[in-house]
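**Student:** Here it is: the structure, laid out below.
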Amino acid sequence: MSQALNFFVSSSSRSPATFTISRPSVFPSTGSLRLLVKKSLRTLVVEASSAAASDLDEPQSSPVLVSENGSGGVLSSATQEYGRNAAPGTDSSSIEVDTVTEAELKENGFRSTRRTKLICTIGPATCGFEQLERLAEGGMNVARINMCHGTREWHRMVIERLRRLNEEKGFAVAIMMDTEGSEIHMGDLGGASSAKAEDGEIWNFTVRSFDPPLPERTVTVNYDGFAEDVKVGDELLVDGGMVRFEVIEKIGPDVKCLCTDPGLLLPRANLTFWRDGKLVRERNAMLPTISSKDWLDIDFGIAEGVDFIAVSFVKSAEVIKHLKSYIQARARDSDISVIAKIESIDSLKNLEEIIQASDGAMVARGDLGAQIPLEQVPSEQQKIVQICRQLNRPVIVASQLLESMIEYPIPTRAEVADVSEAVRQRGDALMLSGESAMGQFPEKALTVLRSVSLRIERMWREQKRHEVIELPSIASSFSDSISEEICNSAAKMANNLEVDALFVYTKNGHMASLLSRCRPDCPIFAFTTTTSVRRRLNLQWGLMPFRLSFSDDMESNLNKTFSLLKARGMIKSGDLIIAVSDMLQSIQVMNVP
């Protein structure tokens, strides 16, 4: 079967001429591709018309419902997600842009804007409003709250401060909530922020409960069968091997352990135990991925309107699918995305299926490195990043990026090289954990991520300019292939023509995500009518998300956008722009008037 590719060339002196070229169809039978060259406007327009549904259909609104028992049995009304749509009374002629993005663009120009996104875990060191503001000013795109630590009341306070920060200071910081997961981990250390385990010390790991403070050199464990499952001679790894113990004696619910590798014990650190050089996995495999506490935390996240829920220790795609159905049932118009944390052998065994089912993935290298040989972690990281790129899922590289900066004001050179490699692999985002949650230098750590990202991105663009990045087709994942073809073509045109920016007008973010996947040389200005979509796009590589009211009239949208951005000094007359849209499924090339 073949399908026509029509070229319409118009000028002011005569009627359009039409050229028809038959070729094997790359589009569904419901659509066609038109290339229009408007000489008088210096505008090249490529349009693909299709009967496929546009992603601009308005979702049906419904109240947010949460489970009171964490299992979905009893439902009650909860607070509507904040900022899902434009606030009532918002001026339709205005445009909302992150203040840091605007400043970066004005200061550095199109080519030198940062493309890699930055995530900060919020903890005692960064939970104040002024501290959050400094992180946002330093380039934080997403704030992460970890339900392993703190109470829901504390996390609600942080979320409220982040909302206030966005509303009052002009930021678009998204919120990501991590579930605790059902893996075996330590308790809270009796309220202490940390404890130092020295070489040769004897520590007691127990399932008994104690009122603070804990007895000296005692650690509680969350798994009741811990003392029964471990054996004398087993090796116990804390927090991915940051501290190591050898089991030397079992006395009822207590397990006596000898410290063989000293280090810092942190509250609720993950525990794994090895026997004869192999990870003991049987007990962990029997634990559910999402615990009863996790379900209550998820209900909390839905009620508070978080943008992302990151699921710990995902074992299969079915877990992700179940959670997405759960969220949809309780908030039908919810924009919450589900991120799969890849941090176990089970995750690696079902990697592609898990990523396909999710809305993104996190390479949690710390816990992953506790279950596979250390030398295997870099290759697995690269594999995960590549699969996410192929399947058009944002990917976060996390854990121990700048671990030394928890205590020191500058990173090791090896850490800088590690960050550089993550940027070079073109992951969407880098994440700080303990560095920002409890470290002494959270702002400096963020500055390091930002500066290294900028340098490596600039170097990569200079070395790889005009290089065509071939990606496998993902059209089978969507209802049609037109959007993918348009975005691939637009990105290649942008590189070849050395345009200043790509504009994309999108309701649900799909077209913007496809453009981000192509990793073009220029920045991508993503315009959406929905505040929650704007925040969600803040996770993806190269996207500068704006909230803007627009119509189906692309000429009107472009004129309006040009006027608003020129008034803010973000673009100027003569800048070369390529614009795509999911309304008309078109490509337009033009100079800013």
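Every residue gets a Cβ built from N, Cα and C, even glycine.
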**Student:** Would you identify which residue of ASN141, ASN146, ASN222 Swiss-Prot lists as part of the K(+) site it also attributes to ASP178, THR179?
**Tutor:** ASN146
**Student:** In Swiss-Prot, the substrate site includes ARG144, GLY366, ASP367. Which of SER112, SER337, SER399 does it also list there?
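**Tutor:** Record source Swiss-Prot; matching candidate: SER399.
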**Student:** To test your reading of the substrate site: which residues beyond ARG144, GLY366, ASP367, SER399, same chain only, put their Cβ within 8 Å of the Cβ centroid of those residues?
**Tutor:** LYS341, GLU343, MET362, ALA364, ARG365, ALA398, GLN400, MET431, SER433
**Student:** Based on DSSP, name the secondary structure state of LYS341 (site 'Transition state stabilizer'): helix, strand or coil.
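**Tutor:** For LYS341 (site 'Transition state stabilizer') - judged by DSSP and reduced to three states - the answer is strand.
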**Student:** Return the residues near ARG144 (substrate binding site), defined as same-chain residues 6+ apart in sequence whose C-beta is under 8 angstroms from its C-beta, sorted by sequence, else 'none'.
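**Tutor:** ARG144 (substrate binding site) has long-range Cβ partners ILE119, CYS120, THR121, ILE122, ILE175, MET176, MET177, ASP178, ALA310, MET431.
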**Student:** Could you check the binding-site residues MET147, CYS148 and say which one's CB has the most other CB atoms within 10 Å?
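**Tutor:** Per the Cβ count, the most surrounded site is MET147.
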**Student:** Using the structure shown, find which entry in HIS149, LYS341 (the recorded positions) has the sparsest Cβ neighbourhood within 10 Å.
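**Tutor:** Counting other Cβ atoms within 10 Å of each of the recorded positions HIS149, LYS341, the minimum falls on HIS149.
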**Student:** So which of the binding-site residues is most packed in, judged by how many other Cβ atoms lie within 10 Å of its Cβ, out of ASN146, SER399?
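**Tutor:** That would be SER399, with the most Cβ atoms nearby.
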**Student:** Applying the rule Cβ within 8 Å of the centroid of the Cβ atoms of ASN146, MET147, CYS148, HIS149, what extra residues of the same chain belong around the ATP site?
**Tutor:** ILE145, GLY150, ASP178, GLU180, ARG268
